[in-house]
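*Asks:* Structure provided below as structure tokens; questions to follow.
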């Protein structure tokens, strides 16, 4: 059997957080049930995925559907607005949003792709963003046998994306054993309407996925191995492993600064506290900035870290013109100015 020592090491269970504070941060009003993922458009509009219900992880509103929030970071004191979701075949009552990604067409139409878990299944919901109406028009639900346990995705077209499956098994009992044994059977899939295939595998809980600004490299977070992997993307959509970066934390979602190419990563310093939630000893939060990831020695900076007094379980961080948003799995979100 797997030793308890290996399990606790994968969970970083003995890690205590050394506080790294930022002077100009405040909690975002209107976010109480998580901001598991977020994406900021080049014009400063931020989409936020809120209300995730994920097996084995705390939820403060387990009976309510999730939602997509909008925040305009160009405003002096930005607030969140819930986007109305429309579409004749869309069931908003079962919406359970996880990872998100946007794709902007040649005519500047913005499409939002959302991983959702209706009834503990996995789908990708495709929406068209209607900025004037502040709404999302549902266009399509994407399902496939190679997309059974979706976590995150990065769009490379309106209906084209790379996505992570964070488990191999679908059955909850088998998933728990897969997690405990550290089988490292999760993977990354390339999806298009005409071509669906596994392009990378062997991960111990594949999590966040993103892409370099020049679209040449794909970044994959391997949560329980504490690694970020860099893959080279080819014209035929295959991926070739290039390098891996070890991190002393459980790496969740990856955002890429379109200006500098820096990676911003929401992390769990102690994973045991996420999977075994105790309000008296809540999970901490940590944000990494990774500069020059392709270099022999990338520069890794802990930009923000705290022990759960403010945020429980950070999953994502993203920046825009001296401002930063930090989201969590199931709790609050933070707005900071540098």
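Note that Cβ sites are derived from N, Cα and C of the backbone, with glycine treated the same way.
Automatic prediction, not curation, is the source of TrEMBL annotations.
Found this in TrEMBL, in case it helps:
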{"type": "ACT_SITE", "residues": "98", "note": "active site, proton acceptor"}
{"type": "BINDING", "residues": "36, 37, 100, 151, 152, 207, 252, 253", "note": "Ca(2+) binding site"}
{"type": "DISULFID", "residues": "25-336", "note": "disulfide bond"}
{"type": "CARBOHYD", "residues": "236", "note": "N-linked glycosylation site"}
{"type": "CARBOHYD", "residues": "253", "note": "N-linked glycosylation site"}
*Asks:* What recorded positions in the list 25, 98, 236, 336 lie within 10 angstroms of residue 151 (Ca(2+) binding site), counting C-alpha atoms?
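*Replies:* Near residue 151 (Ca(2+) binding site) by Cα: 98.
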*Asks:* Of 98, 100, 207, 253, which is closest to residue 25 (disulfide bond) if I measure between C-alpha atoms? They're all recorded positions.
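*Replies:* Considering only the listed recorded positions, the nearest one is 253.
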*Asks:* Neighbour count, 10 Å Cβ-Cβ cut-off, for residue 236 (N-linked glycosylation site): what number do you get?
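*Replies:* If we count other Cβ atoms within 10 Å of residue 236 (N-linked glycosylation site), we arrive at 7.
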*Asks:* Just to confirm: which same-chain residues, 6+ apart in sequence, have a Cβ under 8 Å from the Cβ of residue 336 (disulfide bond)?
*Replies:* 22, 24, 25, 26, 304, 323, 324, 325, 326
*Asks:* To the nearest whole angstrom, what is the C-alpha distance linking residue 252 (Ca(2+) binding site) and residue 236 (N-linked glycosylation site)?
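*Replies:* Cα to Cα, residue 252 (Ca(2+) binding site) and residue 236 (N-linked glycosylation site) are separated by 27 Å.
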*Asks:* If you count other Cβ atoms within 10 Å of each one's Cβ, which of the binding-site residues 207, 253 has the most?
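*Replies:* Its Cβ has the most other Cβ atoms within 10 Å: 253.
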*Asks:* I need the CA-to-CA distance for residue 236 (N-linked glycosylation site) versus residue 253 (Ca(2+) binding site), whole Å please.
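*Replies:* Per the Cα atoms, residue 236 (N-linked glycosylation site) and residue 253 (Ca(2+) binding site) stand 25 Å apart.
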*Asks:* Just the number: how many Å between the Cα atoms of residue 36 (Ca(2+) binding site) and the residue listed as 'active site, proton acceptor'?
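*Replies:* Cα-Cα distance, residue 36 (Ca(2+) binding site) to the residue listed as 'active site, proton acceptor': 6 Å.
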